[in-house]
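Asker: The structure follows.
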Amino acid sequence: MKKIDIKILDKRIGDVFPLPTYTTSGSAGLDLRVCTQAPQHLSPGETRLLPTGLAVHIADPHLAAMILPRSGLGHKNGIVLGNLVGLIDSDYQGELMLSVWNRSQIDFLINPGDRLAQMVFVPVVQVELNIVSEFTSSQRGSGGFGHSGRQ
């Protein structure tokens, strides 16, 4: 198993709030909690940047992290990430922040310690671009949106 350095910036993590964990043995994402000092009221349509109290240094250029919304919050409450998906590069060392967007029509209360997002580590392949004047033909060619059908 690959180990990633994580720095706890908020002393409540591991004491008042649990350390990030995988909820089940089959979970792909580590739950991320909001580490604010007070509850946050998010009005309809409002976005806000909230701290997680954690910094991460992946260090391996063949890995990145993606910050993804928790599905229940978006479906049931209209609370999603303002940037939809956050990409954490391997050389970033700052605090993980969550851009939270209330796309519902009612106020939403976020309490300190609430799980609002999840972090998934993914492989990265950096490519070298090869400039060509033509592509080798393929069966699909340049067929785009809907070209391959629905069935």
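Each Cβ is built from the backbone N, Cα and C atoms, and glycine gets one as well.
For reference, Swiss-Prot lists these features for the protein:
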- Arg70, Ser71, Gly72, Asn83, Leu87, Ile88, Asp89, Met97: substrate binding site (BINDING)
Asker: Taking every protein chain shown into account, which of the binding-site residues Leu87, Ile88, Met97 has the largest tally of Cβ atoms within 10 Å of its Cβ?
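Answerer: The largest 10 Å Cβ neighbour count belongs to Ile88.
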Asker: Taking DSSP three-state, what's Gly72 (substrate binding site) in: helix, strand or coil?
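Answerer: Where Gly72 (substrate binding site) sits, the three-state DSSP reduction gives helix.
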Asker: I'd like the Cβ neighbour count for Arg70 (substrate binding site), meaning other Cβ atoms within 10 Å of its Cβ, all protein chains included.
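Answerer: There are 18 such Cβ atoms around Arg70 (substrate binding site).
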Asker: Inside 10 Å of the Cβ of Asp89 (substrate binding site), count up the other Cβ atoms and send me the figure.
Answerer: 12
Asker: Widest Cα span across the substrate binders Arg70, Ser71, Gly72, Asn83, Leu87, Ile88, Asp89, Met97, in Å?
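Answerer: Value for the max Cα separation, rounded to a whole number: 26 Å.
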Asker: Just name the winner among Ser71, Asn83 (the binding-site residues) by count of other CB atoms within 10 A of its CB.
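Answerer: When each Cβ's neighbours within 10 Å are tallied, Asn83 tops the list.
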